[in-house]
Amino acid sequence: MSKSITHLVLDTGGIICSSTLLRNSAESFYTIPRVIAEIRDETSRKNFELWGDQVIQRVPKPEFIKKVSEFAKQTGDYSSLSVTDIQILALTYELEVEFNGGDWRLRKYPGQKHINGKPPSNSNSTEDASKPTSSDTASVKETENSDPKSAENEVLEGETTQHSNNKEAHPNTEENKEQEDNEEDDEDDGWITPSNIRKKKAEDGVGESLVQPKHLKVACATTDFSMQNVLLQIGLNLVSSDGFKIQNVKRFVLRCHGCYTVVKDMEKKFCPSCGGNTLIKTTCSINSKGEFQVHLKKNFEWKTRGTKYSLPKPVHGTSNGKGKKNPVLREDQPEYQRAVRRMQRKKEIDLMDEDYLPSLLTGVTKDRMYVQIGAGRKNPNEVRRKKR
């Protein structure tokens with residue numbers, strides 16, 4: 001039995017679910033050491049043992065990590081991707097270049113319409129098969145260029161002759177119409193039948209648009225929507241392990257809810273105009289006129305609960321840097337600037353580190369990759385239980 005995928009890159013979700021359909025869909029499987037390190041609980045370890053020696057661990061090259069990172073920054077998904085996610089995307093990119101004869105069909109920036117170069121000679125046959133034939137295009141052009149007035153006259157003539165024939169053959173037309181209307185109302189009560197199932201699928205957006213090609217050389221199995229968004233915009237093949245897949249690709253920007261400033265740097269936490277922590281991730285697009293549009297949520301309300309609370313007294317620094325720290329409230333605070341530099345440096349080192357050791361071997365358990373702003377996500381005015 002021939003497999004539908006030759007090389008499949010697995011995310012953590014694809015390994016944990018251990019789907020039989022996923023294991024039987026590809027000839028070879030790839031992942032990175034970070035994914036194996038994320039599998040910690042007993043149930044997930046047992047599911048990973050079902051894969052046996054089928055999964056090949058491989059670290060992507062730094063050049064592909066750099067390409068994927070730059071592309072994710074342009075789509076606005078870079079801040080939502082972890083180091084593991086970026087390496088999974090880079091490994092898929094590397095395998096696509098290796099087994100598909102280069103990056104001729106991949107996009108270098110979002111929205112690119114033309115390919116990068118000529119495809120290899122062995123893929124010409126598949127491309128020619130997907131192109132429409134000259135007879136098909138000619139028939140389409142003929143129907144488009146035909147005179148609409150003559151077509152309307154023919155339809156009207158046909159309707160008048162059919163109407164006159166029906167009058168002669170069926171004198172009781174009103175009774176027949178009432179019976180037909182009643183029958184149609186009884187049939188179309190919302191039931192899905194074999195006759196209208198295609199129409200229902202087309203209305204729901206499920207149909208031929210989601211059908212995968214017969215054979216894929218390289219694909220990636222992930223359940224993360226940010227990774228799926230980057231994969232589809234680059235042009236890489238996507239396989240969903242749990243059946244949930246995005247239908248439309250999106251680009252994101254940050255919009256300040258206080259002063260309505262649009263910020264394209266997705267790593268920003270504070271608005272560069274008003275300085276508040278009021279940036280919200282929103283989708284954006286460019287219309288046919290070339291105008292930039294931001295798509296806001298309908299009836300959106302900014303939650304003010306937990307935004308007013310008492311601040312502790314400022315604490316002076318210590319020589320060793322330990323002790324209580326002042327809460328981060330603005331971007332120009334030294335505490336925030338040091339934390340941002342530390343995170344950027346650590347992320348760059350981890351992305352380019354080929355000699356990566358999992359946290360199970362190094363013993364590092366707590367390593368936050370974000371800065372707590374203010375009181376954090378929890379409501380500081382909420383009454384909490386006392387610890388015993």
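Just so it is clear, glycine is given a Cβ too, placed from its N, Cα and C backbone atoms.
For reference, Swiss-Prot has these:
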type     : residues                       : note
DOMAIN   : 6-108                          : domain 'PINc'
REGION   : 110-206                        : region 'Disordered'
COMPBIAS : 119-138                        : compositional bias 'Polar residues'
COMPBIAS : 139-152                        : compositional bias 'Basic and acidic residues'
COMPBIAS : 165-176                        : compositional bias 'Basic and acidic residues'
COMPBIAS : 177-190                        : compositional bias 'Acidic residues'
ZN_FING  : 246-317                        : zinc finger
BINDING  : CYS256, CYS259, CYS271, CYS274 : Zn(2+) binding site
REGION   : 311-333                        : region 'Disordered'
- Message: Please list, in sequence order, the residues in the chain of CYS259 (Zn(2+) binding site) that are at least six apart in sequence and whose C-beta is under 8 Å away from its C-beta.
- Response: CYS271, SER273, CYS274
- For the region 'Disordered' (311-333), what are the same-chain contacts with Cβ under 8 Å, counting residues 6+ beyond its ends? 269-270, 275, 277, 339, 371-375
- Item | Average model confidence [pLDDT] within the zinc finger (246-317) | 87
- Query: Any idea which of the binding-site residues CYS256, CYS271, CYS274 has the thinnest Cβ neighbourhood at 10 Å?
  - Reply: CYS274
